[in-house]
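I'd like to ask some things about the structure below.
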């Protein structure tokens, strides 16, 4: 979720590499010097094609890295959609978001930015979506929260949640058209001229802060279980990340032997959830957890949605319009637009970070325009299929590139295919719905905290000894918390006499990220301050855009299947913002992107 990653991922690694790559040092004291040396080399660069089995293994890892964020979104949305008691529909939503994320990943890697970057649901659209669903006309009826009164198959209940989903779909569809236009028209460069760290920091930070209520509600259903989940994730990701575990491995030279794998660093969220899930299952089996819905701790049981797995079909095929014809409201569209703008800003930073970690040159302007446009197209598909969300680049997986030292985009292609398969297998989505609420709450505590800190980290580019910057950031953050909180408590305070305007202001002013980002944007661009003080110079340097066309750049970012070659002879193609201009004939090739030598990489993956 972070708009930019300073760490290049080379201070950590999770695999023991052999041959021409690097071996783990025998002594811990030699770790840093070893990493600064040969271990900085990539095993596979962006244009390489690793062996098929390696693509599957690392593609699976990327899916597991992203799964926490992907499944969290429909589970949080289910609260606003009145689906807390309908596990089967929740499983359909999870399957749909996996399916669409897989399609969008393949589109992005093939026709978009063409870097190894995964696509998935975005929390930037979750905040305005929840604000929209909290409006008085979309408040869930009281009977939908009572298990004894809810018949999930009744026409009345189905209409309750589907009407809300259709309203979300329509808003996302229209909002995504704006992103498509900005991307393919090249206007993203104009946007970035006026948006600096003091706008991005409160915007991203308030995404995490605005979701504290969802995290608290889930974690509060059993603080013991949620605290255990949080503690396990912290233990695995922070304290045990440098501890290697032996795993069996087979190679022709050494036959069957063991290899050290930094499994805690690779899959901390998955391991933490799995252990807590298992503990809840044991406590449920021995009836340690209460069986009475009125008692505290009931929601920690694993058998609450046990019938969902049996009822879910083995195969399910999500399709556009599966929840009915989308409806459009001005208030919803304007709120989604605020999230779309934030998502675009994040993605630009992710593109540059991904290029550095995958051994690619800085992305040229036409590639960035195409990437943003394809993300908008992905949001359009998400709205049509009805995920209740959009898609964006997953920076968690960008960080994984620095860990694995495998920057090949073929690995992400394998991830996209795997997510499509997971979306078709209905039982997979059903299994995820059985995760107890406090276990998810423990994960939210970590995830939303990291999102908040990632936003604040953008202040590293600014001069925070400046009273100007301290005022702008502090006022933006505080306003982003105070104003939405007051509007939620006083929903009738906005009464302009125009219903559509009232609804639009209601959504915008209850979306913390919009309020904070708006004040940050206005104040940063109006209060006098030098570019160095504002962090613009450091920000631009970190996002340095090499728009020069080289053979090296063209190899990575040009369109596939010979499309760029076919268009290179057309003189007017240079005026299309998302098409690579023709390559000059006199241009000399640069050094190869990476070492073309062949070598054997042996990897142990702990799942």
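Think of each number as a place in line: the chain as shown, counted from 1.
Quick reminder: no glycine exception, Cβ is built from N, Cα and C everywhere.
Curation does not apply to TrEMBL; its annotations are automatic.
Just lifted these from TrEMBL, have a look:
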- 51-77: transmembrane segment (TRANSMEM)
- 89-113: transmembrane segment (TRANSMEM)
- 167-191: transmembrane segment (TRANSMEM)
- 222-240: transmembrane segment (TRANSMEM)
- 261-284: transmembrane segment (TRANSMEM)
- 323-341: transmembrane segment (TRANSMEM)
- 411-433: transmembrane segment (TRANSMEM)
- 439-458: transmembrane segment (TRANSMEM)
- 470-488: transmembrane segment (TRANSMEM)
- 503-523: transmembrane segment (TRANSMEM)
- 588-607: region 'Disordered' (REGION)
Under 8 Å for C-beta pairs, could you tell me which stretch among 167-191, 411-433, 439-458, 470-488, 503-523 has the largest tally with the transmembrane segment (89-113)?
411-433
Tell me whether the transmembrane segment (261-284) sits in contact with the transmembrane segment (470-488), defined here as at least 3 Cβ pairs under 8 Å among residues 6 or more apart in sequence.
no
Looking at 51-77, 439-458, 503-523, which one has the highest count of Cβ pairs under 8 angstroms to the transmembrane segment (411-433)?
51-77
Under 8 Å, at least three CB pairs between the transmembrane segment (323-341) and the transmembrane segment (167-191) (pairs 6 or more apart)?
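Contact criterion met.
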In terms of Cβ proximity under 8 Å, which residues at least six beyond the ends of the transmembrane segment (503-523) contact it?
124, 127-128, 131-132, 134-135, 194-195, 198-207, 209-210, 329-332, 334-335, 338-339, 342, 471-473, 475-477, 479-481, 483-484, 487-488, 491, 494, 496
With Cβ distances under 8 Å as the criterion, find the stretch in 51-77, 167-191, 470-488 that has the most pairs with the transmembrane segment (439-458).
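Comparing 51-77, 167-191, 470-488 against the transmembrane segment (439-458), the winner is 51-77.
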